[in-house]
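Everything on this sheet refers to the single structure shown next.
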């Protein structure tokens with residue numbers, strides 16, 4: 001049974017819960033699709049060795065594992081990881097997804113593939129149980145891991161994303177196209193390369209904060225600047241990343257869906273699917289936060305995570 005916990009803003013979750021309880025008594029079995037296949041989740045894929053940072057803690061509880069979103073990297077969570085170690089005493093592991101950060105590039109970019117990558121690194125580090133926390137694309141990866149390998153995940157946090165196709169107003173296709181059009185001259189200072197890339201992106205990506213986020217992927221190799229994310233593969237698999245794999249069996253552990261109150265990525269339309277796959281979930285929204293909840297409202301984000309981790 002899903003419960004609702006108010007955290008600054010409810011966004012109608014409790015109203016939906018009351019409606020669902022009434023509706024399920026009068027029309028049992030009609031709310032959710034029960035005949036879903038899992039073929040997409042079983043295809044073989046090559047596992048890659050993910051780059052990671054491990055922050056040591058003194059508490060023996062399950063470590064916290066942080067998964068970034070599209071165009072992000074483990075460096076996005078440096079401040080968050082250190083704060084979580086201080087607040088919880090737990091070890092914290094941050095990962096670079098395939099085709100991102102310092103992790104290898106690969107031709108496949110699907111959630112089953114990224115789930116396999118995460119499972120492999122957990123096995124290599126002898127982590128048999130963890131608190132899995134993922135933002136956006138990382139949230140969908142975390143959900144996939146939990147649904148495929150529930151014994152690995154003691155509890156789950158999905159930050160501003162649901163187990164449903166991502167809303168069509170996402171700007172990711174435009175970001176990819178803009179990044180692919182950026183032209184870099186050879187042998188120029190980093191400051192110049194960054195300024196020129198920002199100018200070229202600005203015609204399509206109007207928000208300066210998003211441009212600065214994309215520019216964290218600018219790296220220099222052999223005297224030439226380039227994007228470290230694998231734009232070609234991400235572009236080819238973008239629909240896979242916007243969708244979510246099909247599952248029938250729910251995850252039996254506790255889950256927190258933590259959304260930004262100013263973001264459309266967890267809406268009331270997603271509540272039925274959240275309850276179907278994650279029957280022991282809470283949905284909370286942080287007032288004043290957009291899609292990048294951890295950056296917009298870091299203090300509130302940390303409090304929500306710590307309260308959830310310590311609620312066992």
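The backbone N, Cα and C atoms fix where each Cβ goes, glycine too.
According to Swiss-Prot:
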ACT_SITE  136  active site, charge relay system
ACT_SITE  232  active site, charge relay system
ACT_SITE  291  active site, charge relay system
DOMAIN    62-297  domain 'AB hydrolase-1'
TRANSIT   1-14  transit peptide
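If you average pLDDT over the domain 'AB hydrolase-1' (62-297) in this model, you get 95.
In the three-state DSSP classification, residue 232 (active site, charge relay system) falls within a helix. Counting other Cβ atoms within 10 Å of each Cβ, the active-site residues 136, 232, 291 show the lowest value at 232. Residue 291 (active site, charge relay system) sits 8 Å from residue 136 (active site, charge relay system), taking the CA atoms of both as reference points. Cα separation, residue 232 (active site, charge relay system) to residue 136 (active site, charge relay system), rounded: 20 Å.
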